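Student: Take this structure, written in structure tokens, and hold onto it; I'll ask about it next.
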């Protein structure tokens, strides 16, 4: 074990307090991620050269979609946590499923909620589902980055014990005396910054002209980033390791990589093809 460890900074769990009303860091991360992602998506939708013509999604339609995807993230994230990470506990205490302020969200569940929101909104509003999925995935790393930073501020989801070769190891307040990897920051870099850069470069190279390509890339590279981060992250105590060093996060991410690769191959072979949908003016009238 290392002879020296970086002191974990002390943060107030409440980010903003106005009288009796308080917003915690994790909630603030969700709010900021949605707002910044919405602004970034609007910027992409207005750049016709990225789409090879007018965007197949109007700004008005995307503004309406934000509420749908927000609900999908929250419901899916909570449902995923209940089913994948702590089902036995919630079977015994079902009322606590609704106590979101106590924490407990799953990315994989939130992603499935996003998929449901994209499909349902696209079907209802006659918006091209693949293009809507592409733009949603393009902004996803923003929320992932902010969420992992909030995990770090809260001193939760810490890493595995580190050895002397890791001078930046930290002793987390609720994780015992051993210095540990700040795995939340690793994941913020991999799932947030790294994934955002990859997708942004692909978009700049014309990926939005091939509907579904960004979806496939997101699935693939997020899955790889999450699997890598899991090697440094302490598994959830109620689950532990499943098989050898396999964790629940790895188990849920492996199918993402496989599906993502298949989607990218299929999309690339299909080529650009026909325009994804009607112009924004015709879509807005639907």
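Cβ atoms are placed via backbone N, Cα and C, with glycine included.
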Student: Between 25-45, 151-171, which stretch does Swiss-Prot give the note transmembrane segment?
Tutor: 25-45
Student: Could you pull out which residues elsewhere in the chain have a CB under 8 Å from any CB of the transmembrane segment (188-208), counting only those six or more residues past its ends?
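Tutor: Beyond its ends, the transmembrane segment (188-208) has Cβ neighbours at 44, 50-52, 131, 134-135, 137-138, 140-142, 144-146, 148-149, 152, 214, 217-218, 221-222, 225-226, 228-229.
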Student: Count the CB pairs under 8 A between the transmembrane segment (127-147) and each of 25-45, 212-232, 248-268, then give me the winner.
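Tutor: Per the Cβ count, the answer is 25-45.
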